[in-house]
Amino acid sequence: MLTQPSSKYRAFPAIALRDRTWPDAQITQAPIWLSTDLRDGNQALIEPMDLARKLRMFDMLVKIGFKEIEVGFPASSQIEFDFVRQLIEGKRIPADVTIQVMTPARPELITRTVEALQGAPRAIVHIYNAVAPVWRKVVFGMSVPEVMALVKDQVTHLKALTDAQPGTKWVLQYSPETFSLAELEVSLEACETAIAAWGPGRDIILNLPTTVENATPNVFADQIEWMVRKFADRPEVVVSVHPHNDRGTGTASAELALMAGAHRVEGCLFGNGERTGNLDIVNVALNMYVQGVSPQLDFSDIDAIRAEVEYCNQLPVPARHPYAGDLVYTSFSGSHQDAIKKAFAARQDADIWAIPYLPIDPKDLGRSYEAVIRVNSQSGKGGISYLLEEAYGLAMPRRLQIEFSQVVQRAMDTAGTEFTAKDLWQIFEREYQLSANHALAQYRVESDDSDEVRISGKLQWAGQPVSIAGQGNGPIDAFVQAVSSAIGIPVRLLDYSEHAVAASDARGDKGANATAAAYIELRVGENQSLYGVGMDSNSTQAAFRAVMSAVARSGAVASVQTAAPQAAAQEATV
Ligand code: KIV
Ligand code: ZN
């Protein structure tokens, strides 16, 4: 690269439009959309669509809600010509949809184009020619008056041909190709020439492209506002824009152009098109949607649309593509996951959408919340507990979330891969010994008027029979005391919570019959605090299991085994 790029590249000059109004404007309604997937998009494919693919694309565009569809370049090849014929003769064009076809400004190509449209109830014929200085001088060797003569001749030729077919409602679209690189006065003169040749007062679309993006989008907005003002009092003139994406600002160009007064937008689904692509209509439409404006296009099943576009274009839509990529509703980062989890928990159905890191509700586009949080080495307790809650119905207390996230982090360091909800459940089950052979064989709980509860019974603990006996201010406290004396280590209850687990939760085998989950934090010995988890159809037993889980995790099970004979002796005295 050059250290002085100004020796090779020039900035595009600013437009002298001091009283510009577009910076204060807002987009409050959908424009007329034109899909050029079957023309500009198709021309840019490694393998252009065959007839079958073209038909599938056309049907999908209709289903999405496009009312104007550029279906091809019929003079360019037999397949393009046949496709237009098939649409017309097969009566595949709905009454509220108008097809558009493109032709270069050459008489024989215009004739062939009009031939392709015979019998269409309505049609837009799109004539274009380049107007910018480099094209005039270097590519075509034409002066400005010669360019104007070309426009006049070709539009006049088209008018004669279309006048001879009055059964079709004809609209002319004229594009001063390379508009954004041209002098505004030259573009305006070309447009006025086309209007005059077509017949003043007749419907015409002036389509203003950034054939190659060459400046920041505000410059394009100025160019559009300048042009829109020239046609403000001519209702028969529709000002259309056709941005490309060379600078990666196609979307911004279209949006600022709409703010500057453009009525119509041309583009392709997911931004297919020459080089870096045409404007991505999905992007602009959904940007509008999340501002509360209906785009009048239906992307309720974005994945099906994406799959169909990928099939027709034989090009993938990348994982980070706005609104449609596989990863665009996924957070891996722990702090993002925490925020999302809290916002989902606080959200009421009727609330305005305000979920951090999710500009749109994925469900509006047919996506589930499943992919919203995915857990890898960048994730934290929020994401882990969200997945376990969503898939397995576990509502872990905060300190347990922190404790378990450290367990997951260690497993992640070894595995180095993403963990699914099922992976997390398996780690959880193993860590909290939900499948271990701890069981309450039989026990008795007694209480008297003093609120004191006594418990006695037999446990199966790590495969060993253990007799216990203890008392406390409730069954759980009594059980903790009983366990404490069985292992000969002081155990204190720090925290206890439990909840029902919905039967519909898609949890793992072990939890499949559980109706209660209990979480108990214990201090075992002098300075070890840790959680235990129990699941059981009986909530008291779930709590007892949670105590056994915590004690077993503390490593005190070994003490249990040696303490068993002593506990058995105690049982005899109970
Ligand atoms: O990008 C462009 O300039 C075009 C014109 C033909 C409108 O596709
Ligand atoms: Zn284009």
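From the backbone N, Cα and C atoms, a Cβ is placed for every residue, glycine too.
Binding of Mg(2+) is annotated in TrEMBL for HIS242, HIS244, ASN278; the matching candidate from ASP37, ASP40, ASP495 at the same site is ASP40. Residues ASP40, HIS242, HIS244, ASN278 make up the record's Mg(2+) site, and a Cβ search at 8 Å around their centroid adds THR36, PRO209, THR211, PRO243, GLY250, GLU266, GLY267, CYS268, GLY273, GLU274, GLY277, LEU279 from the same chain. Under 8 Å, Cβ to Cβ, and six or more positions away along its own chain, ASN278 (Mg(2+) binding site) finds THR36, ASP40, GLY41, HIS242, PRO243, HIS244, ASN245, GLY250, GLU266, GLY267, CYS268, GLY271, ASN272. Looking at HIS242, HIS244, the binding-site residues in this record, the fewest other C-beta atoms within 10 angstroms of the C-beta turn up around HIS244.
Secondary structure at HIS244 (Mg(2+) binding site), as computed by DSSP, is strand.
Listed in sequence order, the binding-site residues among ASP40, HIS242, ASN278 whose CB lies under 6 angstroms from an atom of ligand 1 come out as ASP40, HIS242.
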